[in-house]
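J.: The S-adenosyl-L-methionine binding site feature in Swiss-Prot is assigned to Gly71, Leu76, Ala121, Glu122, Arg139. Swiss-Prot lists 204-225 with the feature region 'Disordered'.
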Amino acid sequence: MKHVAPPPTTEAVFGDRLPLAQRYAEFLATAGVERGLIGPRETDRIWDRHILNSAALGELVESGDRIADIGSGAGLPGIPLALARPDVHVTLIEPMQRRCEFLTEVVDALGVAVIVVRGRAEDPAVRREVGEMDVVTSRAVGSLDKLATWSMGILRESGRMLALKGARAEAEIEENRRVLARAGAVDVRVLRCGADYLNPPATVVEARRATPSNGRGRPGRSSRR
């Protein structure tokens, strides 16, 4: 496999799982490129732009959280998050068979307890299979209005959507406030994370699924906590 050297700050993020993160980087730089999951020009910035950017979400989750990564693609942000935070439970949701095969190969090779589910987050069958989640993550999957609709559908009451976004995050929130509200998303805000090892830090849109007391919620569905 191609060796992709991590930056010096990476050990603080992954700890004793750094060798697994390095192996994942090699997967991305080889099979990921060959299968069209990562662009060939991305190999020189796999760590900063992809792996560390994804792992930064580890600052925003809690121990024991059940996390669904929707439209996982090459495993971003789900796999780096699982490596940085072995105390959470990650499920990768991806509709394309060839991508699911790649994800399964990576998960098996790394020996991590990550579940791969083929399907779309909005599919009732997927929702039944994965149940209600504490957190839903996403990266480069779709517009904020679509992400909110997909995410709220598999979140428990008060569960959180964490969507990695770019410089237009604030503007995207303003443009979609009505749709976000209809989807049951409340407390929508922009967070920055990974400032100790990313320049600029990762930009994340956080939203909570409404409960009957603060918004729409879903009548008849109970929260986990």
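Please read every residue number as a count from 1 along the shown chain.
Note that Cβ sites are derived from N, Cα and C of the backbone, with glycine treated the same way.
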J.: Just to confirm: which same-chain residues, 6+ apart in sequence, have a Cβ under 8 Å from the Cβ of Leu76 (S-adenosyl-L-methionine binding site)?
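T.: The list for Leu76 (S-adenosyl-L-methionine binding site) reads His50, Ile51, Ser54, Arg139, Ala140, given in order along the sequence.
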J.: Would you identify which of the binding-site residues Gly71, Ala121, Glu122, Arg139 has the most other C-beta atoms lying within 10 angstroms of its C-beta?
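T.: When each Cβ's neighbours within 10 Å are tallied, Ala121 leads.
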